[in-house]
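Below is one structure, written out as structure tokens, with a few remarks after it.
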Amino acid sequence: MSEPVRRIGGALALLAALALPLLLDDFWLQTGLFVMAAVVGAIGLTLLVGRAGQLSLGHAFFAALGAYTYAWTAGESGGRAAGLGLPPVLALVLAGLAAAVAGALFSPISGRLRGIYLGLATIGLVFLARHLMVNAETITGGFNGRAVESFAVPGFSFSNSDPDYLAVAGVELGGLHRLWYLFLAVALLAAWIATNLVRSRTGRALANVRDSEVAAAAMGINVARAKVTAFVVSSAYAGIAGALMALAYGRIAPDVFGLQLSIDFLVMIVLGGLGSIGGAAVGAVFVVSLPLVLTQYSSDLPFLAAPGSGGLDAATVSRLLYGAAIIAVLLFLRGGLAGAFDRLAFRSAAAPDPSGLPPAPAPRTGAETTPTVPSPGVPTRSKETTP
Amino acid sequence: MSYLLTQLANGLSYGLVLGLIAVGFVIVFTATGVLNFAHGSVLLAGAYLVAVLQPTVGFWAAAAVGIAGAALLGVLINAVLVRNLAEANPGTAAILMLGVDILLLTELTRRIGNRVIPMGAPWGADRVEFAGVSLPTSRALAALVAVVLFAALWFLFARTRTGVAMRAAAADGDTASLMGIRLSRTGAAGWALAGALAAIAGIFLASFPAPGVAPTVALSAFAAIPAWVLGGFDSVVGAIVGGLVVGVATALAVGYEAELHVLGSGFGEVVPYLVMILVLLVRPSGLFGSKEAVRV
């Protein structure tokens, strides 16, 4: 895939994302909001899993922390659940910050454990989160959850009022439309920061730690600190994603932030291809919209039975498709969807190459890093294959 | 005092059953390097087979079929899926097992529906009295069976060719392979063993005082994960000790919930995970886990 084609493709996708709200109905707008919230969380997780090689099943905890921090700090005091009544913009920042701090507090474990061992340890956080959410009633509203203050900047609210009527090209922009643009901006910002992080000194250090901790340490990288950094950044992303989810739902309850959410985040990045930021976004689209769309249109699909009849209902079918998709990608697609895409692009780009060199391996997560044993005297630097 | 003893006895019995599940995690992990997230659905599949078959063929025959079925299921997962992974590393294998778990659990949940299928065990709701402690027979039997199985495991790993081959394969797969040990066989044996142990644990978890087989039984495997982790990832002894620690801590937290009210309701559910996090803070590789040696 040559650079101009990539650019044009990106610009077209952006235009589509900007124009879509004018065409879609409320169901699709709502689905889009959930997808974009998930994209932010998935990008954060792919930095941790794909780049630093650390597994986390605790992202539901950080998402919950972000969501409840937003709801608590932005909420009005005096309702059933307490609130600080801070400006929503500040609350959104605090949501990311609180998750980052919690991630840092977990550093004695996240800095020392590696890979799947860390994944298992983080499962504990999810159960801890549920306990806190149910019991800290004054902040969380307990088992039934609490309402979420809608987002606003001074003079403009991302809800159906203030300004009461706002229209573009004859389409009235209600709360869902306005949130769509907010979420789009946040998701693009998240992707931009992540891309830059991956290409920075820190990002290369993370990739080096993933491939060989010994080699990384020998090159002067503080391995424990690199792992903690990845975990903290990833937690902050999850916190923001949680706050966005809270805004999209309008009301949050403990059931939203179960272990299933952690697994969903993980599945998104695996389907998309570990370490790929675009892949994480594609994975999020699939994982989030599949059950929503199947349920919405279940009455139109002849092979689906009504829920509870013992046949294949929409929820069951979407779970089965979801599980089968994971297995199929892991068995047949190296590097997930992003890996397959890159291989296709590589093949078309490599075809006219007359140099006679043996084809390099297709660019995928593991391919762009330093050799495990750096040759003496030659400072090998990790290099991205895609600029 | 007798209240405390009852709680302890309950905790020990529960802990031993958790140990059965946790040992399955250890065996699969050492034999094939897979973090078996589908362990819970294999357990549920075994228990489901027993509960469905027992009205027609009787409990003992059904139990035999259920245990064999779960073992076979494990072997199949290993042979068909795990060995065909595009990228064989622990991370992708773990996520593959998440996918398998989703498939199995969805199908089993659909089959079970809203029912709670009774286990129909011959000991029913009997209780045994021992030194002033009253315990459901199923719980006492569970502890007994678990101890016998642990002894059998020790015999297997210490005294039989198969067991020694499995240990050798776990310690160093490449060398074991050069010595003529077939890694495909030791892997299959590990999965079969783990599946059978899970089914046995499932039978006890679904019999009295539990009402029967329901999809939530699969979640009990998650409670065994802290036991496995805090025992150390690759130690069978660690898994048993971890199971006991988690079992007793949970039973005490549930039994004294009124006194522990400050910590919130349902505190018993988080105790295993709190214990795990605390142990990992002090010993990152668990109580009995082998430290990863790094040579430069």
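A Cβ is built for glycine as well, from the same backbone N, Cα and C atoms used for every other residue.
Remember, TrEMBL labels are computer predictions, not curated facts.
The annotation region 'Disordered' is assigned in TrEMBL to A:351-387.
If you look up TrEMBL, you'll see A:29-48 (among others) marked as transmembrane segment.
For A:55-73 (among others), the entry in TrEMBL reads transmembrane segment.
Annotated transmembrane segment per TrEMBL: A:85-106 (among others), in sequence order.
Listed as Cβ neighbours of the transmembrane segment (A:115-133) (distance under 8 Å, sequence separation of 6 or more from its ends, same chain) are residues 53-58, 60-62, 64-65, 68, 106, 109, 140, 142, 254, 257-259, 262. The transmembrane segment annotation in TrEMBL covers A:115-133 (among others).
Within its own chain, the transmembrane segment (A:179-198) has Cβ neighbours under 8 Å at 14, 17-18, 20-21, 29, 32-33, 36-37, 39-40, 43-44, 46-47, 51, 151, 158, 233, 237, 240, 244, 247-248, 275, 277, 281, 384, counting only residues six or more beyond its boundaries. The feature transmembrane segment is assigned by TrEMBL to A:179-198 (among others).
Per TrEMBL, the feature transmembrane segment maps to A:228-250 (among others). Tertiary neighbourhood of the transmembrane segment (A:228-250): same-chain residues 30, 33-34, 36-38, 40-41, 43-45, 47-48, 51-52, 54, 56, 59, 62-71, 91-92, 95-100, 102-104, 106-107, 110-111, 147-148, 150-151, 158, 179, 182-183, 186, 190, 194, 197, 202, 206, 256-257, 265, selected by CB-CB distance under 8 Å and a gap of 6+ residues from either end.
Here the transmembrane segment (A:319-337) has long-range neighbours at 267, 269-274, 276, 279, 282-283, 286-287, 290-291, 312, 343, 362, 364-365, meaning same-chain residues at least 6 beyond its ends whose C-beta is under 8 angstroms from one of its own. Under the heading transmembrane segment, TrEMBL lists A:319-337 (among others).
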With a Cβ cut-off under 8 Å, give me the same-chain residues at least six positions beyond the ends of the transmembrane segment (A:29-48) that come close to it.
20-21, 54-56, 59, 63, 176-177, 179-180, 183-184, 186-187, 190-191, 194, 197-198, 206, 230-231, 233-238, 240-242, 244-245, 247-248, 264-266, 268-269, 272, 274-277, 279-281, 283-285, 287-289, 292-293
